[in-house]
Each structure stands twice: as C-alpha cells, then as structure tokens.
Amino acid sequence: MTTDPVAKQPTTTVPTATEPRATEPSATEPSGRHTRGALSFGAEVRRQLGRRRTLWSFVIMLALPVILIGAFALGRTSGPPGGSRLSDLAQQGSANFAIFALAAASDFLLVVLAALFAGDAVPAEASWSTLRYLLIAPVPRARLLASKWAVAIVSLGVAIVVYLGWGLLVGGLAYGWAPFTNPAGGVLGWGELLPRLAIAAAYLFVTLLQVAGIAFVLGVRTDAPLGAVGVAVLVAIVSSILGQIDSLGDLRNGLPLHYIRAWQDLLTPQVDWTAMGHGVLWSVLYTLLTVGLAFAVFRRKDVLS
C-alpha cells in the first residue's frame, strides 16, 4: 500500500492579506492619540503637580506664615503704639497679619514662584528628553507652548489665592478675627476689606506676569530649567536695586516690578488707582513682548532633546 508523502506533511497557516498581524507599539513612536492627550490642559496640570519643585514651592509658601507667627512669638507681643509699618500691627488680627504676610512674600517669594512655574515648563521636558516626542504628534508647536503657558499662569494665580487665604486663616487662629487697622490711621471692616484683598490678589497676579514672561522666553531658549528661573529672578533683583537710584528719575517707572507694591494703595480709605493703573499697563506690555518672543523663538527652534 502506498501513501502520498505530501499528505503526511504538517499543514501550516499562511496569513493572508486580510488577516492582520499582531504588532507591538514602538516605545519611541507614540501614537497621535496618546500624544495629543499628553498635550491637553489636564495632562499639563498633572505634569506640573508631579514636579517635586512645584510641590516643595507650595510647602515653603504655606510654611512662611507659620514661620512669621513663630518669629512674632519669640519677639515682643505687640508693636509699638502708633507704629507706621505693617509689621508693627501684624499681630492685631487676621486681616493685619495676612496683609503683612502678603507684603513680605510679594517682593521675593512670589517672584520666585512666578519664575519657577513659567521658566521650568519647557526646559523640564527637554531635560527629560520628552519634548521631541511630544512634538511628533500632528499638533502645532503653538498649541504645546500655549498649554504650558496657561498652566504656568494658572499655577501662579492659585498660589497667590491659596497664600492669601492661608494667611487669613492662620492669622485668625493666632491673633483673632479683628478687622484691618491701617498704620496710618483708620479701620477697614471685613465687608470693605475682602473685595479690596481680591483686587490686590488680582493686581499682584497681573504684575507678576512680567516675571513669568521673562522666565518663559528664557526657558524656551535653554534646556536648563533652573537657568531660566535664576536669570528671571536676577532680572527682578537688579530691577529692584535700580529702582532705589533717585538719579534715574522717571526712567525707573519702566523697570520690571517697579509698581509691585502699588496694591497697598488699596488699604487707604480713599483708594488712589494711578500707580496700579501704571503697573498694569507696564506688566501687560512686558508680558506681550516676552510671550510673543517665546512663541516666535519656539516655532523656529531645533528640538533635539
């Protein structure tokens, strides 16, 4: 009996053109859908909150009012009668303490936070070698940069509001809930003070945008996150020093952050809006110039990291 040798050979299945083969996604080639998700506002917020520098910045910011209360506890219990400084009446109640804490932080701490949130956004991605992968998606570079700028300024706004609210809370727990007593004389009740504090927070936010803009454009040009932040803070420090030189005259009005303390005009019974108006105009001008320059530079930048 003879057998067909072909019949004993094992059969194999050859995939046809209609049978898709299983493939694994490449780690270096993210899909457009996933990358577009990484460019969303929510994803950028999570990325911002996941940075240790951001978390430590909020910890230090919230610790400052507590440190101030401890410093007052180690010193004299109350300011001198008729003191003309905010620190002299900081222990009079929650309002006075919160305003003093805001004045203490606005000159440096909030400046550093504005520079950090904006200056760290782009170079942090470059230092992690993830920026070029984000740009693989069919999404304009302007959208990526706009998302990072939006999250940076939202983070700054949240920081200012949280700091002011935290100062009111810990000040009230430590010194009571008395209304604001102006060192120059007069009292502002809570009904009149709270709207003014909201305006003060908004004014500080707008004023600090110029620092954020400087840090943002520097961050676009460098891959060193702390380099952009440090230079922006240095610009603010030099501007503050130059602002003390009387011989510069009206030229000082155009220096960055020259009007950062103008919000304190809100503490007087009759508010003078002149300085705050100038501060807003200069800040908007600086912000438009620096952010516009950042977008122009980023569109033409060769991203290698």
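Counting starts with 1 at the first residue shown.
Each Cβ is built from the backbone N, Cα and C atoms, and glycine gets one as well.
Pulled from TrEMBL:
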COMPBIAS  1-16  compositional bias 'Polar residues'
REGION    1-37  region 'Disordered'
TRANSMEM  55-75  transmembrane segment
TRANSMEM  95-118  transmembrane segment
TRANSMEM  149-177  transmembrane segment
TRANSMEM  197-219  transmembrane segment
TRANSMEM  226-245  transmembrane segment
TRANSMEM  279-298  transmembrane segment
Contact call for the transmembrane segment (149-177) against the transmembrane segment (55-75), three or more Cβ pairs under 8 Å:
yes
Under 8 Å, at least 3 Cβ pairs, sequence separation 6 or more: does that hold for the transmembrane segment (197-219) versus the transmembrane segment (55-75)?
no
State, in range form, which of 55-75, 95-118, 279-298 has the highest count of Cβ pairs under 8 Å to the transmembrane segment (226-245).
95-118
